[in-house]
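Below you'll find the structure, written out as structure tokens, and then a few comments.
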Amino acid sequence: MSDNSVATPAHLLQAKVIFLSFLLTGGFVATYSAFNRHLRQITSVHDIPTNVFRRKYLYGKVTSVGDGDNFLFFHTPGGVLGGWHWLRKVPTLQRKGILPRRAQKATGNALSTLSPLNLFRGLVGLRSEGGGRDQFALYRGRRKLPTLSIRLCGVDAPERAHFGNSSQPLSEEAYKWLNKTLLGRFVWVKPLSTDQYGRCVAKVEYWSWFRWKNVSIELLKQGLGVVYESKSGAEFDGQDTLYRYHESKAKKSKRGVWGLRHFETPGAYKKRINKQ
């Protein structure tokens, strides 16, 4: 038998080194690709991949509410399984009001510690900062964070006072309702488009223990918003009939803005202001 028919130990070692190098390189590339695809935090509306729009949901925390139909969203891809709360830091909100002790126990800053219950709440998307029955935020919103500006799809809330213009009736009530409902809560956001102000128009949902809730529809049920009137740029994610159904129910019940004697829709209000 010739000497070339049997591999020498040096040849075997060289082959193993080459194989392990390819294996490690391939593993690194695969891990990096998977991280970018599933666990990379999006910190700007302009950075949202085009393949996410209308197809995928983003998971994260509401850190500030601006008006009755928009808020700031801190993206936490993967939730607890993605390292958030124990490896990657989630911003906490400063306490604003003082509640009775019983209410504090029920609505405290639930994710400030790493108890199993709190990690479970973060995993399924429950509120991390509490709500309470009164319509005011228990925590102050934080704006100077790497967040996405989100505009609720399919609805228009009464306009608050901006740039010296007067506010619409029930605009503060709509703002307080959204504050109470979303501030500090983990939500699922489905990007649909971007508007002229650079905001992400999105369908927003959250889990309320028993079922998923669409924030836009809940706003319509309260009578604190109307179905978006513009013929161009309106987004409903294929549910415009459902939106109009809940608006008509609130209108028949004279809830919120529908109980006002002389109600000017937000769309009509903005047209009037722009003409001045």
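Glycine residues also receive a Cβ, built from the backbone N, Cα and C atoms like all the rest.
As annotated by Swiss-Prot, active site applies to Arg151, Glu159, Arg199, with the evidence given as sequence analysis. Positions annotated as Ca(2+) binding site by Swiss-Prot, on the basis of sequence analysis: Asp156. If you look up Swiss-Prot, you'll see 56-260 marked as domain 'TNase-like', on the strength of sequence analysis. Per Swiss-Prot, transmembrane segment is recorded for 10-32, and the stated evidence type is sequence analysis.
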Task = Please tell me which one of the recorded positions listed here (Arg151, Asp156, Glu159) sits closest to Arg199 (active site), measuring Cα to Cα?
result = Arg151
Query = Counting only residues 6+ apart in the same chain, whose Cβ is under 8 Å from the Cβ of Glu159 (active site)?
reply = Asp67, Asn165, Ser167, Gln168, Ser171, Pro266, Tyr269, Lys270
Remark   = In this structure, the one of the active-site residues Arg151, Arg199 whose CB has the fewest other CB atoms within 10 Å is Arg199
Ask   = Just counting, how many other CB atoms are there within 10 A of the CB of Asp156 (Ca(2+) binding site)?
value = 23
